[in-house]
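S.K.: Here it is: the structure, laid out below.
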Amino acid sequence: MEEFQPISPTKKSEEFRDYATSARQEKVFAFYQKQHKNQTVEFNRKIREQFEGRPKISMGLWEMLRFLDDVEDSSDPDTNLSQMAHALQTAESVRRMFPEQKYDWFHLVGLIHDLGKVLTVTDEEKGFHALEQWAVAGDTFPVGCAFDESCVFHDLFRANPDFNDDRYSSKLGIYSDHCGLSNVMMSWGHDEYLYQVCVRNKCSLPRKALSIIRFHSFYPWHGKGAYKYLTDSSDAEALKWVKKFNEHDLYSKAHELPDFAILRDYYKTLIEKYFPEKLNW
């Protein structure tokens with residue numbers, strides 16, 4: 001992993017998500033070249049079948065979180081800190097703004113929102129076999145319809161076989177007007193994977209928490225207002241919470257690293273409240 005490059009605490013909000021001049025530009029551009037070329041309808045159908053049918057790994061959520069210490073996101077133009085450090089930064093940022101106990105689910109979402117990035121980890125003993133970063137990280141977007149121009153590095157989609165496929169290249173593609181995001185196939189990655197893990201294991205997080213997990217990387221929607229023609233009335237409430245969350249997910253990266261040892265007991269209690277002891281991954 002690269003030497004940690006801390007972010008200045010004076011960095012302005014408009015300076016985040018710089019996809020033109022960031023210090024990590026070369027790595028980020030290479031990531032999106034692969035992602036935009038390979039995130040096809042065919043790939044997304046196959047990867048979902050693969051994960052649905054594969055033997056599941058039984059492990060507690062807390063134990064799984066520790067694997068984030070070894071994960072760096074190649075798509076992030078702002079920081080190369082570990083995903084565990086980012087998880088704690090995000091969770092504590094949410095907790096400062098929403099300190100009441102009734103928002104403890106929001107604190108926990110801050111901690112676990114990127115846990116799906118364990119898909120980049122290889123551990124033969126545990127049964128982990130890493131996917132490439134392009135199939136795990138980065139912004140997400142619908143597949144099966146035209147790629148909106150608000151997507152970062154939009155021109156790179158021209159290498160995607162779906163770009164000129166009549167079935168998938170129109171505005172609606174395989175979808176109907178205002179069908180709702182729950183009926184849309186999003187590009188596969190850590191968001192969708194963790195959402196499916198939460199649902200399959202019957203966690204007790206509220207629906208708005210699951211929406212944050214599933215759509216926090218869908219920047220064209222919550223950041224640019226794109227793809228509204230695919231949303232329905234139920235997505236309006238989700239959008240409100242995803243936007244609230246994004247402020248902590250993105251801008252907390254410039255904060256000091258929280259002390260894991262001090263915070264451990266609090267977040268372990270929340271995990272026990274909302275999740276079973278063991279999950280099938």
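Placement of Cβ uses the backbone N, Cα and C atoms for every residue, glycine included.
Curation plays no part in TrEMBL annotations; they are all automatic predictions.
A quick note: this is a predicted structure, and the numbers were derived from the prediction, not measured.
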S.K.: HIS36, HIS86, HIS154: which one does TrEMBL list with HIS113, ASP114, HIS190, HIS216, ASP249 for the Fe cation site?
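M.R.: Among HIS36, HIS86, HIS154, only HIS86 appears alongside HIS113, ASP114, HIS190, HIS216, ASP249 as Fe cation-binding in TrEMBL.
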S.K.: Give the sequence-ordered list of residues that share a chain with HIS216 (Fe cation binding site), lie 6 or more positions from it, and have CB atoms under 8 Å from its CB.
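M.R.: Long-range Cβ contacts: HIS113, ASP191, HIS222, VAL242, PHE245, ASN246, ASP249.
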S.K.: Distance check, please: Cα of HIS190 (Fe cation binding site) against Cα of SER74 (substrate binding site), rounded to an integer number of angstrom.
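M.R.: Rounded to a whole number, the Cα-Cα distance is 13 Å.
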S.K.: So around the Fe cation site, HIS86, HIS113, ASP114, HIS190, HIS216, ASP249 aside, which residues have their CB within 8 A of the centroid of those CB atoms?
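M.R.: For the Fe cation site the neighbour list reads GLN83, ALA87, THR90, LYS117, ASP191, SER217.
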